[in-house]
Amino acid sequence: MSADGRSGRLRFTKMHGAGNDFVVLDLRDGTPPPDAALAAQLADRHFGVGCDQILTIEAPRSEGAVAAYGIWNSDGSAARQCGNGARCVAAWLVRDGIAQCERFIIDSPVTAHAVERLEGGRYAVAMGMPQFDPPQIPLAGFAHARDEYALPVHGDTVRFGAVSMGNPHAVVEVGRVDAAPVERVGTLLQQNAAFPDSVNVGFVQVVDPTHVRLRVFERGVGETLACGSGACAAAVVLMQRCRVERDVQVSLPGGELRIRWPCDHEQVVMSGPAVFVFDGEWNG
């Protein structure tokens, strides 16, 4: 068990994927997932353990999967997709002996993901098919998918691509990612009525056709050192515009990810590191 109901203690593992950090809880014994207040308390970097998201390991939901996982943002809200988290869950399952093959399946809140164990502590995860249709993102006010959308925001016009990778993303191409107004524009887009479920906002700079730089302002978290689904979103939006090749390196503040999308009718595959930091016990 991860939770000791008699004492209030909670055992956990701290992990990160390219700097996107997680508190991982083993709930396969049926222990209830954290409520919003507990998730926010655990994620607090001053009064809790500290992380971007909480990951809960649970019993599998689909045939053939070895386990499932839930995702909780640092503000206590539930999330539906987390690419860096998927790699960390995969590594945790391998370390615990639950996943014993080089290839296996895990269930996220939105779908089943095929995972491949690579060399050097890296994992590849099939992230599903990108959805560009506005109702699927969801993006209100647009009937058909476009390469670029424009929204008036506080007197300015913000131009962006939009896609769902199991969660909504807006992708803003910039000349210099270091100078991008990440928090200001990210917050304005998240609060815009065009995104009824809010949105993760990526700011991407094309270095060359095989390399981009990216910063992501995540809903429920803020700017993170890395965002796996955000890296997928930025890559596929640029691929649709023929700005980059179908196999691209994404440099984020916390590390490097590789995104491959062989063709429009195949799944996006993300690969990158999964790192164990420490195991601990939270006393509540």
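Backbone N, Cα and C define each Cβ position, glycine as well.
Swiss-Prot has this to say about the protein:
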BINDING   Asn20, Gln53, Asn73, Gly83, Asn84, Asn167, Asn200, Glu218, Arg219, Gly228, Ser229  substrate binding site
ACT_SITE  Cys82  active site, proton donor
ACT_SITE  Cys227  active site, proton acceptor
SITE      Phe278  site 'Important for dimerization'
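Mapped onto three states, the DSSP output places Asn84 (substrate binding site) in helix. Pairwise Cα distances among Asn20, Gln53, Asn73, Gly83, Asn84, Asn167, Asn200, Glu218, Arg219, Gly228, Ser229, the recorded substrate-binding residues, top out at 17 Å. Sitting within 8 Å of the Cβ centre of Asn20, Gln53, Asn73, Gly83, Asn84, Asn167, Asn200, Glu218, Arg219, Gly228, Ser229, and not among those site residues for substrate, are the Cβ atoms of Asp52, Ile71, Ala79, Gln81, Cys82, Gly85, Val216, Val221, Thr224, Cys227, Gly230. Cα spacing between Cys227 (active site, proton acceptor) and Asn84 (substrate binding site): 6 Å, rounded to the nearest whole number. It is Asn84 that, of the binding-site residues Asn20, Asn84, Asn200, Ser229, has its Cβ surrounded by the most other Cβ atoms within 10 Å. For the pair formed by Asn200 (substrate binding site) and Cys82 (active site, proton donor), distance between Cα atoms is given as 11 Å, rounded to the nearest Å. Following the DSSP three-state reduction, the secondary structure of Asn73 (substrate binding site) is strand. On the backbone, the CA of Asn84 (substrate binding site) and the CA of Phe278 (site 'Important for dimerization') stand 17 Å apart.
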